[in-house]
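Here is what TrEMBL says about this protein:
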| type | residues | note |
| --- | --- | --- |
| TRANSMEM | 20-41 | transmembrane segment |
| DOMAIN | 81-271 | domain 'ABC transmembrane type-1' |
| TRANSMEM | 85-104 | transmembrane segment |
| TRANSMEM | 116-140 | transmembrane segment |
| TRANSMEM | 152-171 | transmembrane segment |
| TRANSMEM | 192-214 | transmembrane segment |
| TRANSMEM | 249-271 | transmembrane segment |
Amino acid sequence: MTARTTLLQSRKKQTRVGHLILHIAMIALGLTFLMPLAWVVSTSLKLPGQVFITPIEWIPTEPKWDNYFEVFRRLPFHLFIRNSFFVSIMGTIGMVLSSLTVAYGLSRLRWPGRDFVFTVLLATMMLPAVVTMIPVFIIFKEINWVGTFYPLWVPAWFGAAFYIFLMRQYMLTLPLELDEAAKIDGASNFRILWQVITPLCGPAVATITIFAFLQHYNAFMEPLIYISKSEMYTLPLGLLWFKGRFGNFWHLVMAASMITILPVIIIFFFAQRQFVQGAQFTGLAGR
């Protein structure tokens, strides 16, 4: 009995030591990833002569908050912010609505060729974006959409394979008895989707909303291709323009960078659970 107790205590001690080492390693790794962000924040509050001094002054003795106002004085960043949020919101709304409707048809309704269509949809995920870039540009040019915001958010209203797949997998976890009960009450498929299924898909909708918003907010290639007027720039293009004109003023470039990534940091801070759940919703449920 004594030997068994000693063995259990030894194992518990080893487990605690292992957990301690793991936590220390995770903290060290987290601090390593945070160092570039900390340097950006620190540099954005310094004077030009303080940027590259050694040793690094992580916390400026006199933070220069005016650097952020100087960014807005030199370029119209308020327009870039407005444009980015407009494109991101419109694209996110379209992505959520299209994902819900298409996923409903691929998960709750039975019709000939449904599985084949879903297979083709998944196959499109393997196509690199550059493959369709030129054909899509030609289409938008023919309908005179080049130079407008439409190419940046209208495609989202036609759905995206990954988000449709994610939503479909979540809908497959909901019992079909819900649909059958609603049909007995005389509800149409449209009503079942929006009044029965959609309210139950809150976690999946939240995940897609966050991912789609960040996708449109961080988009660089599409605005670079379709937008030519500076007053229509989104934040990624505005930041590139700012760096091209004031690249020698690293304190201002870092301030502009913080203005650009601050919304992303806020979203991630308040939506960490949805980021984790996003991986869980893509389970291989089938029906």
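Glycine residues also receive a Cβ, built from the backbone N, Cα and C atoms like all the rest.
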Same-chain residues near the transmembrane segment (20-41), Cβ under 8 Å, at least 6 residues beyond its ends: 56, 58, 254, 257-258
Dominant neighbour of the transmembrane segment (192-214) in 85-104, 116-140, 152-171, 249-271, by Cβ pairs under 8 Å: 85-104
Beyond the flanks of the transmembrane segment (116-140) by 6 or more, those residues with Cβ under 8 Å of it: 106, 146, 150-151, 155, 161-162, 164-165, 168, 221, 225-226
